[in-house]
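Asker: Sharing a structure, written as structure tokens. Questions coming.
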Amino acid sequence: MRIALIAHDKKKDDMVEFIVKNKKAFENEELFATGTTGKLIQEATGLKVHRFLSGPYGGDQQIGGLVAQGDIDMVIFLRDPLTAQPHEPDVTALLRICDVHSVPLATNLGTAELFLKSLRDKIF
Ligand SMILES: O=C(CO)COP(=O)(O)O
């Protein structure tokens, strides 16, 4: 399973905690991430993560490109709904391209937990 992991700044602690807590479920998966999110996950878990540019510098678009090509199976994107992002158009484009290609997209921890259960149950 090729999983993209992305978190806005105020959600990065939640993302790292989520991956650390569930490291076993993620260690056999292929992980991709925007720059800073990926760095923090790597440092906290030692998991191998393919890192792209930081979100505001094009990382969301790079991951969106992979989604469009059919190279990502699942996206966990912990968005910050309370803070304006300078690269909002890129964020919207990534959400849109997931919908275009019916790629499962979790934008909060509640849905991410459901994805995790699906991973454990090998539903995907
Ligand atoms: O901005 C982001 C997503 O829109 C995330 O980028 P970073 O992981 O580089 O902070």
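Each Cβ is built from the backbone N, Cα and C atoms, and glycine gets one as well.
In case it helps, TrEMBL gives these features for our protein:
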- 1-124: domain 'MGS-like' (DOMAIN)
- His8, Lys12, Thr34, Gly35, Thr36, Thr37, Ser54, Gly55, His87: substrate binding site (BINDING)
- Asp60: active site, proton donor/acceptor (ACT_SITE)
Asker: Cβ-Cβ under 8 Å from Ser54 (substrate binding site), same chain, 6 or more residues apart: which ones?
Answerer: Thr34, Gly35, Thr36
Asker: What Cα-Cα separation, expressed in whole Å, is found between Asp60 (active site, proton donor/acceptor) and His87 (substrate binding site)?
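Answerer: Cα to Cα, Asp60 (active site, proton donor/acceptor) and His87 (substrate binding site) are separated by 9 Å.
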Asker: Please find, for His8, Lys12, Thr34, Gly35, Thr36, Thr37, Ser54, Gly55, His87 as listed binding substrate, the greatest distance between any two Cα atoms, in Å.
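Answerer: Taking every pair of listed residues, the largest Cα separation comes to 17 Å.
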Asker: Among all chains shown, work out which of the binding-site residues His8, His87 has the most CB atoms within 10 A of its CB.
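Answerer: Top count of Cβ atoms within 10 Å goes to His8.
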Asker: So among the binding-site residues Thr34, Thr36, who's got the most Cβ atoms within 10 Å?
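Answerer: The residue with the densest Cβ neighbourhood is Thr34.
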Asker: For the recorded substrate site, whose residues are His8, Lys12, Thr34, Gly35, Thr36, Thr37, Ser54, Gly55, His87, find every other residue on that chain with a C-beta no more than 8 angstroms from the centre of their C-beta atoms, and list them by sequence position.
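Answerer: Leaving out the recorded residues gives Ile6, Ala7, Asp9, Pro56, Gly59, Asp60.
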